Amino acid sequence: MQIMFSVEPFSVSFVRGISPFFLVCLKYFKGHTESKFLNSLHHPVGCNRVKDCCVNTFRSFSSPFENSTVHPSGLENREELSREGCNDHLCELCGWGDADNALLLLARMEAVGFRPNATAYVCLITALGNVGRTLEADAILQDMLRLGFKPRLNVYNVLLRCFLRKGLLRVAGQVLVEIDNLGIGRNRETYEILLDYCVHSGRLEDTWTIIGEMRREGFQLNSFVYSKVIRLYRDNGMWKKAMSIVREIKEMGVSLDKKIYNSIIDTFGKYGDLGEALEVFEKMQEEGIKPDIMTWNLLIKWHCNSGYIDHALELFAKMQEQGLYPDPKIFSVLISHLGEQGKWDIIKNNFENMKCRGHQKSGAIYAVLVDIYGQYGRFEDAEECVNALKVEGIQLSASIFCVLANAYAQQGLCEQTVKVLQLMEAEGIEPNLIMLNVLINAFGVSGRHLEALSVYHCIKESGISPDVVTYGTLMKAFIRAKKFDQVPVIFKEMESAGCTPDRKAREMLQNALMVLEQRHI
């Protein structure tokens, strides 16, 4: 774990400032966006951001609570709230996920001399961290420390998760050092956050290091850990080993829960054994375990990828009958496969069924994605697309922006993919590694491998650590461009970075080497 989190002597707040990534946007966007829009993005955020906001707010309002329309609960009644009332309402806003209005309320509180209490600070950091707004979360933490509050471990865990989601390993390492320096001690959640990142980024050795450390610290391996181990083996092509882990779990008397069942279904699905996946699906229900949205998503995805679209649609309908809110990521999978087959009537019928079931907001996202994938063309411009979702009252999140960017990327619309990223930042949501991987893919699909390579270099320069998907997507871009000699170079970089190549990466390497060998014959 020391290798993975190489700590250098800089503050956690080093991520403030203009990201080098935007050099790529400026270089390759070819003037499709006004310069003032680009320049307005990603302003440096310091600990005085809240104070600056307070000053501006104080000038704009005769009373910090007069005529307020922050939220339907609490501040619109023109009653002057107490400090305790403000703190309670701040926590409510954070609980609803309304980080923007929570920050506005904080500014108004400070404008009249109110200070949030420790609980309100924790709620605000958590709300910002959950939507990927790392800069603001860190700024609030610095304010909290300066005022003499001593954050508990849960606050550092929120920041750790937030930084790792963005791929900022060095900064995450600094958070771990801070935890150790304060003598707080890491808990199970800390280790699970680290484990989740290592598995997703394909870091096999680091995963086993974390598991070993958990054992030494006396933490028993639970279903979360075992589900991650199963996934790790599966992603490295060792699916039989993954299934042997399941037998070991049973022999140890550990009950199979939803996490483990989802990992087993995912393993069978990835290797095309859909019959086994459905049997596991039935078994988990017989044992009284209710499938969640992830269970349904996995089954739908793997049936689509295997060409069984009709069965995937049946599962999609059953999922909605269970009262589960459809995931936009699954929309993309279904629409792209149905669109390729020209089955727009089926897409329209599914859209109507969703509206009948009351999934209005979900239906709006579905309609926008259908448009992007090519039937209507009304949302060729990403800004119009985002505005349409806002009109429907949809709360934009990093996940939705990534889905939209991926939809444009699949169509090879690089400029619109970049614009989605810019709009995401304009909403205060910082680009994460998933979004940047999508951008690499967009350039790759369009045959612009040099731009894809530039994004990769900017990822590294900005302090973000590429994962297996980054390297795999870059390899695919060079294969499309018939630059086979660069594939082994990227593969070696992946190994040097501590990422264990997955099955797809190894297959791409073998294919590239075969082509190079044939050229030399």
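Placement of Cβ uses the backbone N, Cα and C atoms for every residue, glycine included.
Keep in mind that TrEMBL annotations are predicted by a computer and have not been checked by a curator.
Some features that TrEMBL has for this protein:
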- 99-216: domain 'PROP1-like PPR' (DOMAIN)
- 117-151: repeat 'PPR' (REPEAT)
- 187-221: repeat 'PPR' (REPEAT)
- 222-256: repeat 'PPR' (REPEAT)
- 257-291: repeat 'PPR' (REPEAT)
- 292-326: repeat 'PPR' (REPEAT)
- 397-431: repeat 'PPR' (REPEAT)
- 432-466: repeat 'PPR' (REPEAT)
- 467-501: repeat 'PPR' (REPEAT)
Item checked: Positions on the same chain near the repeat 'PPR' (292-326), where near means CB under 8 A and six or more residues out -> 258, 261-262, 265-266, 269-270, 272, 274, 277-278, 281, 284, 333-334, 337-338, 341, 343, 346, 350, 353-354, 357, 359, 362, 366
Checklist line | Beyond the flanks of the repeat 'PPR' (467-501) by 6 or more, those residues with Cβ under 8 Å of it | finding: 3-4, 167, 200-206, 235-236, 433-434, 436-437, 440-441, 443-445, 447, 449, 452-453, 456, 459, 508-509, 511-513, 515-516
Note to self: I'd like the per-state residue tally for the repeat 'PPR' (117-151) from DSSP, helix first, then strand, then coil.
What the structure shows: 26 helix, 0 strand, 9 coil
Margin query: For the repeat 'PPR' (222-256), what's the mean pLDDT in this predicted model?
Written below: 78
Check: Residue counts in helix (H, G, I), strand (E, B) and coil for the repeat 'PPR' (397-431), per DSSP?
Finding: 26 helix, 0 strand, 9 coil
Margin query: DSSP-wise, what's the residue breakdown of the repeat 'PPR' (257-291) into helix, strand and coil?
Written below: 26 helix, 0 strand, 9 coil
